[in-house]
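Residues annotated as active site, nucleophile in Swiss-Prot, with sequence analysis given as evidence: C50. Sequence annotations record features per position, and here Swiss-Prot assigns substrate binding site to T49, C50, N51, R52, S101, E106, P107, Q108, Q112 based on sequence analysis. Feature annotation from Swiss-Prot assigns NADP(+) binding site to G181, A182, G183, E184, T185, I186; the stated evidence is sequence analysis. Annotation comment: Swiss-Prot describes 404-426 as region 'Disordered'. The site 'Important for activity' annotation in Swiss-Prot covers H91 and is backed by sequence analysis.
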Amino acid sequence: MTLWVLGLNHQTAPVDLRERAAFAGDALPRALESLRALPQVSEAALLSTCNRTELYAMAEEAHSLVTWLETHAPALSGYLYQHQEAEAVRHLFRVATGLDSMVLGEPQILGQVKDAWAVARAHGTLGSGLDRLFQQTFSVAKRARTDTRVGANPVSVASTAVRLAQDSFARLNESTVLLIGAGETIELAAKHLSEGRVRRLLIANRTLAHAQTLASQHGGFALPLTDLERHLAEADVVFSATAAREPLVTRAQVEQALRARKRKPMLLFDLAVPRDIEASVGELSDAYLYTVDDLERAVEDNRRGRREAADQAEAIIDLQVARYVETLQANARQAPLKRLRAFGDSTRDELLAKARQQLHNGKPADEVLEQLAHALTNRLLHPPTAALRDAALNNDLELTTAADRLFPEKPGLPTSPHSYPDREDR
C-alpha cells in the first residue's frame, strides 16, 4: 500500500466547490467508513475545514480515491491535487503547521488535524501507518511553532473579519453584532469583539446551552437558532460559522431585515463552508457580504510579514520529512526479517506442541525427535526451496545469487539449497 493525500483547498478551488466537497457533522464518519470500505484502501482519514477537504489514505492507487470523492461531489477533478509517500508526508506536516493556510501560521488548523485523526481512530479507519504519521505530524507542528515565530501573534480568519468590521463601522462599539454558531471560529470572533467592545452582542446557536456559555464569557445574549429571523433586523454586523448543510440566512430574510431597518446597512461575514448565508444576499443594496475567499485578500499583508518565520519552519519540516522517510525505509528493510523470525517462531511452537502431545501419548522419544527434526527442516525450507525452484526455471539470477549468499557451501552441508528434499511432515 502507498500513502496518498488527495484534496482541494482555498488555493485550488472557489468556495462554491469547496462547500460541495465538505463533510460536516454526521456525514464525516459515514464518509470515512465508505472510503475505508473500498477494496483498494486499507487506512483512511478525512480532514474537512472551511478552506480544505483532504483524504489521507493507505491505498493501492489514487484513481479509486478520485472516483470516490467525485461520487460525493462531481466535477472536481480539475481542482484536485494529490501527493504520495514523502510528498504526502511533507504536505500534512505543512498543513498542520499552518504553512498551507489562508492565514499563514494560523493555530486552528492543528486542532482540526487532531480532530480528523481522532474521528478516524474512533471509527476504526486508522491503521499503524496513518496513526504513526499523524502522531509524528503533531510533534513536528509543535516543534515548528515553538522554534520559530510562525505562530507568533497569529491572525485568524475570525480576527481578520472583525478588523474589517471595525474598519467599516467607525463606531463598532455603538453597533449590535449577531454571531451565528458557537464553534471555534465564533469563539475567536467573540473574543476579538469583546476586546474591542460592542454595544450589544447576540449569539444564536442550535444548542442553546453552548450559546449561553459563550454569551456568559463575553457579555452577550444567547438565542435559540429558531429566533434568528426575528432578531436579524437588530444586527448591524453578522458573523456566521456553523456546520449546517444548507444556508441559515436567506436572501428573503435579509431583505425583510433591511426593510425593518429602513435600509440601514448590514455587514455580513460568512465564515462557513458550506456557506451559511445565501450568496445572492451580496446582490442586495445596503447588504455587504464577505465570504472566506474575500478575506484571503485582506490577509495577504500578514502573509508577507510572516514569510521569514515560515521559511525557518519549512527548513524544520524538510529535515523532519527526511528523518521520517528514513525511518519508514529502515522499518521496511526490517519487515522481511521480522516476518522470517515470526514464521520460524510460529512453526517451532506448532511442531513442538505436536511433539509434546505425541510424547504424552506414549510415542517413543527417539521417533518423536526424528519426526520433529524432519518436520521442522521441511516446514522451514519449503518456501525458499519453492522460490529457488521457480527462480531456476525463470533464470532469475538475482534470487539465485542471493541464495548463494544466504546458504554458502560448508563442509557437511549440501552444495546447493536446491538439493534439500521437499518432504511433507510425517
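Cβ coordinates are placed from backbone N, Cα and C, and glycine is handled just like the others.
Sequence features, as recorded in Swiss-Prot, placed on the structure.
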residue: T49; record: substrate binding site; Cβ neighbours (10 Å): 22
residue: N51; record: substrate binding site; Cβ neighbours (10 Å): 24
residue: H91; record: site 'Important for activity'; Cβ neighbours (10 Å): 22
residue: S101; record: substrate binding site; Cβ neighbours (10 Å): 25
residue: P107; record: substrate binding site; Cβ neighbours (10 Å): 16
residue: Q112; record: substrate binding site; Cβ neighbours (10 Å): 18
residue: G181; record: NADP(+) binding site; Cβ neighbours (10 Å): 27
residue: A182; record: NADP(+) binding site; Cβ neighbours (10 Å): 25
residue: G183; record: NADP(+) binding site; Cβ neighbours (10 Å): 16
residue: E184; record: NADP(+) binding site; Cβ neighbours (10 Å): 16
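Straight-line distance linking the Cα atoms of N51 (substrate binding site) and E184 (NADP(+) binding site), rounded to a whole number, equals 14 Å. Using the Cβ center of G181, A182, G183, E184, T185, I186 for NADP(+), the list of other same-chain residues with Cβ within 8 Å runs, in sequence order, L179, E187, L188, A189, A241, T242. Between the C-alpha atoms of E184 (NADP(+) binding site) and Q112 (substrate binding site), the distance comes to 10 Å. Close to the recorded substrate site, the chain also has G98, M102, V103, I109, V157: residues not among T49, C50, N51, R52, S101, E106, P107, Q108, Q112 whose Cβ is within 8 Å of the site's Cβ mean position. In the three-state DSSP assignment, the secondary structure recorded for Q112 (substrate binding site) is helix.
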